[in-house]
Amino acid sequence: MMNSRTKDGVPGFSLLKMSLCIAALGWLPAEAGAQVVPAYFQAKGLNDGSDDAKATGADAVAAGSSSVASGAQATALGTGALANDDNTTAVGAYAAAAKANASALGANSFAGEASSTALGANANVFDVNGTAVGESSLVNGKNSTALGRMSRTNSDNSVALGANSVADRANTVSVGSTQSTTDSAGVVTAPFQRQITNLAAGTADSDATNLGQYRAVVSALGGNASINAAGGLVAPSYVIQGVASSKVGDAFASVDVWMTGMRSSFTTLNTQVGVIDNRATKLEQAAGSGGTGTTGTTTGTTGNSAQYNSGGTALVLNANGGSGTVINNVAAGTAATDAANVGQLTDMQKALVSLFNSGACRVGAGGGIACGNGVSAKGANAVAQGNNASANGDNTVAVGAGATASFAGSVAIGAGAQAIADPATAVGNNAIASGNNSVALGANAVASASNSVALGQGSVAARANTVSVGYAGGERQISNVAAGTEGTDAVNLNQMKAAAQDTLNQSKSYAARAAAQAMAIPHVYMARGDSSGIAVGTASYGGYGALGVAFASSVSQHTQLAVGASAANGGKMAIQGSGSYSW
């Protein structure tokens, strides 16, 4: 470049000066003519054109060797990342988002269908609207969600919650697995279930109840009924007329049979005693003379006889072998030794039936179970428990006063809980799940949009395919997050602060080095007539030292050119050029 200068002007040197100044700011390497590369962005690759990033869709972004963003507004970040359709996002080495609105985040993650989301290394989604969160999580099924490492769904509208959980039936939520799972390292996890723990006892009508409260209910059944250490029911033992039974229904059936027999006996007695009224006159006229002795006997028309023992404690009607006698017009007995009529017996039977049915459980033709007053369980295997609870659909569950589950597979647990979509899950006092495949967990939680989840008291999820942990003006924090150690881990506030401080420290050190280098380049003073000169200088700033050397030369009587260079510890070389003209 110095050879291009002319006597009257130095255009070559001006270009050199510009390049050197840019290099001093950290945008060019020291070698002249090298490619301009920002200091805060790097992407490794072969640099031979064979693995260039390609952003071919409108407003698409691709960064990383062999990354491809071919859909409109698609984003592909990472080596081999592929965003293959409109509005897709792929972040991580070989992450792939194949269909519209899909998102894949994490190395080797794959979101293969429209509106699917795969989050975590090796997370995979193979059906529409699926969501897989966690390393090696897998979703096979429309509108399904797998949350946790190695979690998996195999059916439509299913949810697997927790590491290694498997949801293998449509319209279900699973927190465990009935089958063994094996991870990429060959570690086998046996089938397991999870408990929901630390649930306080409910104190109001609308509170959730725990096992301790259910123990009290079971104990009220009597017959030594209880719940064992494993959570199973120890059946009661009832003895009705000498017959033992361990089922409440069987015991009630025994009582009903006994009462029916009693009614039949009293009906027969009523018929027999009634004859006395018609024959009383004949009995008096036909009385014989045998009134003394241990037994008095009357004789008369055959079949119209009665016998009394001498103590008056026994009455025999038709003692000669007749078919029995009906006693009519018997008044209702009032004392312990009075005869009871059929009307009293019928009233007693009705009272017993009403008592036995009050609050009892009933089993419907389709296997549905209804326990409580005003309860409705309509549908195969439906379960409704609690006053006015309603489970109206196959495989529905409604537990709690006024709980409602109105679509097949829906679950409502808690007083006033409503699962009123196809299917939905509402757990908590007055929780409402009204969107298809929605989940509302917590008192007064509302999930009104399709595939939405509302977690916590009062939370509202009003947009499809979202998870809400609060509501407008009532947001929640996620606390006790451990510091992330891997690239896909969550970052807590302490880590963010540390990263920001580290960035600030680096910025300060860059500025300090630049200042030291700038001050270290000396000025060469030359007297008129001198042809050249050299100067050496040092400087220190912000803990960084620099050494500078400058060289100056007279190119004419009035014109001087100078070049200086400096180097600081831990930094790159800085070069400065200048010229002067005097007269």
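Each position is counted from 1, following the chain as shown.
Every residue, even glycine, has its Cβ placed from backbone N, Cα and C.
Since we're looking at a predicted model, the values are computed, not measured.
As written in TrEMBL, here are the features:
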SIGNAL    1-23  signal peptide
DOMAIN    69-95  domain 'Trimeric autotransporter adhesin YadA-like head'
DOMAIN    99-123  domain 'Trimeric autotransporter adhesin YadA-like head'
DOMAIN    129-148  domain 'Trimeric autotransporter adhesin YadA-like head'
DOMAIN    156-177  domain 'Trimeric autotransporter adhesin YadA-like head'
DOMAIN    195-226  domain 'Trimeric autotransporter adhesin YadA-like stalk'
REGION    285-305  region 'Disordered'
DOMAIN    327-358  domain 'Trimeric autotransporter adhesin YadA-like stalk'
DOMAIN    377-403  domain 'Trimeric autotransporter adhesin YadA-like head'
DOMAIN    421-445  domain 'Trimeric autotransporter adhesin YadA-like head'
DOMAIN    447-471  domain 'Trimeric autotransporter adhesin YadA-like head'
DOMAIN    477-511  domain 'Trimeric autotransporter adhesin YadA-like stalk'
Distant-in-sequence neighbours of the domain 'Trimeric autotransporter adhesin YadA-like head' (156-177), which means Cβ under 8 A and at least six residues beyond its ends: 127, 134, 141-150, 189, 191-194, 395, 408-409, 411, 423, 425, 437, 439
Ranked first among 69-95, 377-403, 447-471 for CB pairs under 8 angstroms with the domain 'Trimeric autotransporter adhesin YadA-like head' (129-148): 447-471
Intrachain residues whose Cβ lies under 8 Å of the domain 'Trimeric autotransporter adhesin YadA-like head' (377-403), provided they are six or more past its termini: 171, 205-206, 208, 364, 366-371, 409-419, 429
DSSP-derived helix, strand and coil totals, residue by residue, for the domain 'Trimeric autotransporter adhesin YadA-like head' (156-177): 0 helix, 8 strand, 14 coil
Helix, strand and coil residues within the domain 'Trimeric autotransporter adhesin YadA-like head' (129-148) as assigned by DSSP: 0 helix, 8 strand, 12 coil
Helix, strand and coil residues within the domain 'Trimeric autotransporter adhesin YadA-like head' (421-445) as assigned by DSSP: 0 helix, 8 strand, 17 coil
